[in-house]
Amino acid sequence: MEPSGGSLLLQGIRSSPFLSHLSSPSVYVPGVLACSSHVEKGDVVAVSVAVEQPGTDGGWGVGITRGTVLQGQQTDPYHFERNALYIGQGATMMSRAGIFRASGGIAVDMNNRVFKLPSFHDVLEGEIFLQNLPSIVTAHALDPQQDERILDMCAAPGGKTTAIAILMKDQGEVIAVDRSHNKVMDIQKLAAEMGLHCITTYKLDALKAVCRSNESNDMTTPSCRKDTEGVTLQSSDSPRLQMEKNQCSTEAFAADFACQENVINGEGNQSTYTSKADIRKNIRRMRNGPGRNQGMGGRVEKSKGFSPNSFDRVLLDAPCSALGLRPRLFAGEETIESLRNHARYQRRMFDQAVQLVRPGGVIVYSTCTINPGENEALVRYALDTYKFLSLASQHPRAGGPGLVGCFQFSDGYTEEWLRPGEEELVQRFDPSSPLDTIGFFIAKFNVGPKDA
């Protein structure tokens, strides 16, 4: 019998392991696809999960869009078509209007669950680190060797950093940098939990990763200048088994959102004006964490950059539009211009990576987006700009080929992608493919003699 409050439909699933997330005590706002009408805060609702179905185009979907009204009865003509899986009951934390106006928060407190499997969050801390398959492949594609010096340019939260250190058997040096104080602290904490000693962390903007020539004449120093604000070396026991969880950070060119309504106390019928300055501030807070004064405490060492040609391998897991993350429901919509801004930002970071890697070294570029402007177009830019770079084969190979061709925008700009023969040298992970991963992209470059 259906609870008096109605029913909710959550985002689609294809495999039972995802139920470990669904069986958590809370259902979050972005995960709600549909809801019965007239649901108010405090109502008891039935919660179901839409099972994704293969489409005629080869993709997957649930045949429903976020915000749809559910009748919740078998008389609903789409009741069986949705093929939903009932997972329990809970109390709504906000009204239906609030759920579909808010960009975040808890929608339902689950108090009667069918599945009792707990979340894997914080389970076996230090023993297991959840990670997406493409992120694991990225670390292996870099092929780090013992006693090498490796730079992870946008390292937070540290999943790939620690994977690299483990592949090196904790022998050598892995430099992990991020522009956020608290994110650097997160990397330190994870490295300590995993018992890895070869990881050194710095607070550093990847756009300023190369030090200016007038700051140092010593081309062998780890960094041109450091503010002695603390020690970042980790200490713990031996390396542990690692599985993976990828978090793709948002980039500094986040588009300014228009002024929008805020839901107060979960009620959709109350709103307040939010200035663009406040919106930008909130975007920065979400990207960089709560800030040093509100953070977890501790100090991190700052760096003013590194000498050119001072790393054997460089990983640039670039900030991106994150269009490959699944599920992905936007608090604000990406535009063509914002996507092109992401690409410009990534090119500037890649320019830094090219300067930092030594001749004969390796650069691996990766993103968690399916936007070719941030993936294949970056590869085209790299190969056309730096003639000493060449695409390298990757092992293991789990993803599909890249996109060949080009795209012309309405303003006349033509975005060049891969050329025939290059598509098999990159890995593109399609979230709709049978492999069932997040959307991801990996390109590996060999660095030849730079004076050529």
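Each Cβ is built from the backbone N, Cα and C atoms, and glycine gets one as well.
TrEMBL labels come from automatic prediction, so no person has curated them.
Features reported for this protein in TrEMBL:
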DOMAIN    61-448  domain 'SAM-dependent MTase RsmB/NOP-type'
BINDING   Cys154, Ala155, Ala156, Pro157, Gly158, Gly159, Lys160, Asp178, Asp205, Asp317  S-adenosyl-L-methionine binding site
ACT_SITE  Cys368  active site, nucleophile
(request) Round to a whole number and give the Cα-to-Cα distance in Å for the pair Lys160 (S-adenosyl-L-methionine binding site) and the residue listed as 'active site, nucleophile'. (result) 13
(request) Find, for the listed recorded positions Cys154, Cys368, the residue with the lowest Cβ contact count at a 10 Å cut-off, counting only other Cβ atoms. (result) Cys154
(request) Could you check the binding-site residues Ala156, Gly158, Lys160, Asp205 and say which one's CB has the fewest neighbouring CB atoms inside 10 Å? (result) Asp205
(request) For the domain 'SAM-dependent MTase RsmB/NOP-type' (61-448), would you mind checking the mean pLDDT of the predicted model? (result) 81
(message) Between all pairs in Cys154, Ala155, Ala156, Pro157, Gly158, Gly159, Lys160, Asp178, Asp205, Asp317 (listed as S-adenosyl-L-methionine binders), what's the biggest Cα distance, rounded to the nearest Å?
(response) 19
(request) Compute the C-alpha separation of Gly158 (S-adenosyl-L-methionine binding site) from the residue listed as 'active site, nucleophile', stating it in Å without decimals. (result) 15
